[in-house]
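Peer 1: Per Swiss-Prot, the features are:
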type	residues	note
BINDING	83, 310, 359	Mn(2+) 2 binding site
BINDING	83, 84	Mn(2+) 1 binding site
DOMAIN	33-368	domain 'PPM-type phosphatase'
């Protein structure tokens, strides 16, 4: 668990994005209202970070769709949580924050800005070399896919690997690392969630429906354990090499010895032994390759998304967290107050016997409002729906 503070730091950073100015200036009702909250808690530092690209910061990409054989402009609304470990360098870098290290992991003091993971997501959409299986001349392409869903999922995997390659140039000798759970809504229709590590995303739907949009990556899970062992690693006490309680993460290059990245053929050497193996990044002991799940949004049923780090999921299971949020929605509580209560309740569960409740905590709630539906309209709809589901009216 590492060193802890004797008393928790319960000051919270709450960002409630109602986009009132946007609606007033454009007359267009915003989409995907959201609220993010974080709290340092008992940890010595805050190592969580997040990313929100919505409304004025929506990402637009020029994407070649081989299934219709033409270019399209796609809108990407992106929400992400990064849970750092070994410091906040990696998580802050992924979020597009400023970094302070040179290629050897030393402080350079200049705080150079960077675009973070979103840069590589956009790059991978605009520069992919994939086609459909119906293409009669597929030899010119890296790979062909049966479905657009499969192709887009591969694009997210490419983006994660490219980002990890960039991280190596800054943090090769650092012990920092980070999870990532990224929810990307494409053209306001299709939800893709790419996950690497044990942060998590879930989707709430009407009639108490809960859809898991990511799966935790733990070393003791059989598929992860096989990959770790095949690459010469071991798992003890639920940790890779007895150290890392994750089996997938950004950075953590001590567990990626000899990995060769495909973009610039950058080979990572074992820093202590200077051995090279040419291991694909997907086969490293701790791989950065995410799982990617897709969901077609049904605005008549789907209600909201929750993305959170494991500091939250140590306290709540999926059902408990959705129930907590809906309990407060039915009483008319706004999102910023719900997030505040969520964090306060979480820190109150700190238990030295179980070890839960001592981690940093970060959560994002994303409203899935239909086109033209204001935030107040959504609140009213949710309150009415929940009252009916609970037999209160």
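Glycine too: its Cβ is placed from the backbone N, Cα and C atoms.
Could you place these features in context, so I can see how deep they sit and what lies close by?
Peer 2: Note: residue 310 (Mn(2+) 2 binding site) has non-local neighbours 83, 179, 198, 199, 200, 216, 359, i.e. same-chain residues 6+ apart with C-beta under 8 A of its own C-beta.
The secondary structure of residue 84 (Mn(2+) 1 binding site), as reduced to three states from DSSP, is extended strand.
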Peer 1: Within 10 Å of the Cβ of residue 84 (Mn(2+) 1 binding site), how many other Cβ atoms can you find? Include all protein chains, please.
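Peer 2: That number is 27.
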Peer 1: Over the domain 'PPM-type phosphatase' (33-368), what does the predicted model average in pLDDT?
Peer 2: 91
